[in-house]
Amino acid sequence: MFDVMVLRESIWEVLGATLKKRDTTTQFDHGDISFIIIAGAMVFFMIPGIAFLYSGLSRRKSALSLIWAVSASNAVCIFQWYFWGYSLAFSPTATNGFIGNLANFGLIGVLGDPSPGSPLIPDLLYSFYQMEFACVTVGILMGGIAERGRVLPAMIITFLWMTLVYCPLACWPWNINGWAFKYGVFDYAGGGPVEIGSGIGGLAYSWVLGRRQEKELQNFRPHNVSMVNLGTFMLWFGWLGFNGGSAFGANLRAIMAVWNSMLAAAFGGIVWCLLDYRLERKYTMVGFCSGTIAGLVAATPASGFIHPWAAVIMGIITGAVCNYATKVKSLIRVDDALDLFAEHAVGGILGLLMNAFFASRSIIALDGVNLDVTGGWVDHNWKQLYIQVAYICAVCSYTFVVTAIIVKCVDSIPGLHLRTTAEGEELGLDEVEIGEYANDYIEVRRHFMDWTAFGNEPNPDTHSADEKTLDLPHADAASVSS
C-alpha cells in the first residue's frame, strides 16, 4: 500500500513538473491558440456555404458544376498555399513590398515562432488560418464561370491566380514589409485581397469568358431558393470566425468584430429587401440573402476598426449601394451571373472607405497589441481617406488586368478553352462536364450508358424487361433537369 502511494505521488510530481515546464516554455496563450483553431475551422465551413449558395442561384442543369468547381478549387488552393503560396504572401525576409520570396517554400521554417501577422499566435497556426482565407477567395472567384465555363481550365486558373494575384494582394496590407502595410492602410480581414480580389477577379473572368447565349439570359431565376438561404447562413456562421478570428486572439477586439459583423449583415439584408419590395411588392428571400452577404463583405475590412454605431451606418449604406450596383453589369455588358462585382467588389470598397471615416483608436487597441494606432476621421486623421482610396485603386486595377491576362492566356492553350460549346451550354454543365445532377427528380436511366441528353436511344440489351428505363426519346437536359 505504501509503495502504491509513493508511486502515485511520484507520478503527480512528474506531471506537475512537466506542466510547469510547458507553461514556462511557451509564449502563447492556450486560449488564443484554441480560439484561432476554431475560427479557422469556421472559415473552412464557408466553402460548402459558397457552393450551396452558388448552386441555389443557378439553373438546375448547372447547379452541381458550381458545387464541384468550388470544392475542387479548395483542394487546388490548399496545395498552392502549402507549396509556395504562404511564403509568397507572408515571408518576412522579402523586402520588395510587392510579393514575398520562397524562404518558407513548402512551409520550411514555419513552426513555433511568433507569426508575421500577430505575436499572439505561432507561425504554423497563422499559416493555416490564412490558408482558409485564400480558399474562400478562390471559392468566390469560381462564380465567374457560372453556366458556361469549363471546370478544368478553371482549376489551372485557380493555381495561377493564387500565385500571381492573391499572394501579392495579401502581401501588400498584411506582410510587415508590404507597401500598403507601411503606407498605413486599414484592412482588417481582407477587403482588398479577399473581397475586391474575388469581386474584380470574377468580373474580369466573366468578361474574358463572354456572355451566355441570349436565350439563356431570358427568364432566368434561381432554381432552389432554400439552398440560397442555407448557403447564406452557413457563410454568416463562418464569417464570425473570419472576422472575429482576425483579432488573432480571444480578446475584446474579436468580440467587437463579431458584433459589427452581425449588425452590418442584419441592416444590409433589411435594406436590400426593402429596396426590392418597392419594385415587386414582395419580400424576396434572395434579396434578403444578397443584402446580408453585402453587409458581411463590408464588415470584412472594417469590423475590427469601427464602433457598433458605425457598423449600423455601414450596413445601411452597403445594402443600398450594392443593390443598385447590380445594374452595372447590364451597363457594361459583362455577364457577371452571380453578381461578384456588386456584392464583393463594391462591398469591399465601401468597407475600406468606412475605415477612413470611422476607424477608432480605442477599437483597434482592444486586442492589447496595436495600442498606438491612430484611427480615421473620428480621430482627426484626415489623410486616411486618400490612403484608403489609393489602396482601393491599386487593388482594383492590378486585379482586373492580371486576372484578365491569366484567363486569356489559359484560354489560348490547346485543350484548355474556357467555354463549353453552345450545345453544352444548352444541355447544362452538369450533363456535359460532371455527369451527375444536383437534383434528379425523374429516373431517366438505370444504367449510365443507357440514355444521355445527347439524344442516344436506350440500349435494350443492358437491362431486363422489369428494368425498363423511362422512354424519353425526345428529352433533353433542359427539359429533364431544369
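Quick reminder: no glycine exception, Cβ is built from N, Cα and C everywhere.
TrEMBL annotations: computationally assigned, not manually curated.
Under the heading transmembrane segment, TrEMBL lists 33-54, 66-84, 124-145, 152-176, 188-210, 222-242, 254-275, 282-300, 306-325, 345-365, 385-407. The annotation domain 'Ammonium transporter AmtB-like' is assigned in TrEMBL to 35-438. TrEMBL lists 459-482 with the feature region 'Disordered'. Residues or ranges marked as compositional bias 'Basic and acidic residues' by TrEMBL: 463-474.
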Worksheet entry | Segment proximity, the transmembrane segment (306-325) to the transmembrane segment (188-210), 3 or more C-beta pairs under 8 Å | no
Fill in: Range from 124-145, 345-365, 385-407 with most C-beta pairs under 8 A to the transmembrane segment (282-300)
345-365
Discussion item. As a test of reading the model: what is the averaged pLDDT for the domain 'Ammonium transporter AmtB-like' (35-438)?
Written reply: 96
Item to complete: Grab the same-chain neighbours of the transmembrane segment (385-407) for me: Cβ-Cβ under 8 Å, and only residues 6 or more beyond its ends, written as numbers and ranges.
Response: 157, 160-161, 164-165, 168-169, 172-173, 180, 183-187, 192-193, 196-197, 200-201, 203-205, 207-209, 345, 349, 352-353, 355-357, 376-377, 418
Worksheet item: When each of 33-54, 66-84, 222-242 is checked against the transmembrane segment (152-176) for Cβ pairs under 8 Å, which one has the most?
Response: 66-84
Discussion item. Using Cβ atoms and a strict cutoff of less than 8 Å, what residues sit near the transmembrane segment (66-84) while being 6 or more residues removed from its termini?
Written reply: 47-48, 50-52, 54-55, 58, 102, 105-107, 127, 130-131, 134-135, 138-139, 141-143, 145-146, 149, 151, 154-155, 158-159, 162-163, 433-434, 438
